[in-house]
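**Q** Pasting a structure here, questions to come.
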């Protein structure tokens, strides 16, 4: 039973308290962060597509809208609407990037990784090379995640650094005197008259 628990135990770097820590860069943690961001990226898109289909009166076709590049077209309202929803998805994912990653130096890497995985998924689903319109949309979406994600994560880093500087780790220790310190102070007071007498004898 003990051995089974040992295998079922979650590694320390994969615990929720460690996933969102900024000072850990273990491969397992980075891999989990990529998976979480990809899940939120597609989940947000599904919610946006569902709301848009209900409001605009379109038949809901999640698989085609998510994993196909053929719907991305800038020459009609239908294709433009889907493109704008993808850009809105990237804008919302800036928040998830800030919370999950939280490091400005890694925002660029994670933004590119999300869209690289999306390209692989789309290519495997359609078995065709995407169009120029789709690639242009991915570039715009990547720029949103890179620039806004870098700005928000840097703001978070500066905020954490500012508040850490205001907290004194030694606060609360002032005024506390240990018994050993009391004994040393008492011995110093006892030795001071002797030193004064020695000075008087020398004079």
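The backbone N, Cα and C atoms fix where each Cβ goes, and this holds for glycine too.
Pasting the relevant annotations from Swiss-Prot:
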- 1-29: topological domain 'Cytoplasmic' (TOPO_DOM)
- 15: ubiquitin cross-link (CROSSLNK)
- 30-52: transmembrane segment (TRANSMEM)
- 53-78: topological domain 'Lumenal' (TOPO_DOM)
- 79-101: transmembrane segment (TRANSMEM)
- 102-105: topological domain 'Cytoplasmic' (TOPO_DOM)
- 106-125: transmembrane segment (TRANSMEM)
- 126-131: topological domain 'Lumenal' (TOPO_DOM)
- 132-154: transmembrane segment (TRANSMEM)
- 155-203: topological domain 'Cytoplasmic' (TOPO_DOM)
- 192: phosphoserine (MOD_RES)
**Q** Excluding the flanking five residues on each side, which residues at least 6 beyond the ends of the transmembrane segment (30-52) place their CB within less than 8 Å of a CB in that stretch?
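**A** Counting only partners 6 or more residues beyond its ends, the transmembrane segment (30-52) has Cβ contacts under 8 Å with 14, 19, 58, 60, 62, 65-66, 81-82, 85-86, 88-89, 92-93, 96-97, 100-101, 110, 113-114, 117-118.
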**Q** What parts of the chain pack near the topological domain 'Lumenal' (53-78), using Cβ distances under 8 Å and only residues at least 6 beyond its ends?
**A** 42, 45-46, 86, 121-122, 125-126, 128, 130-131, 133-134, 137
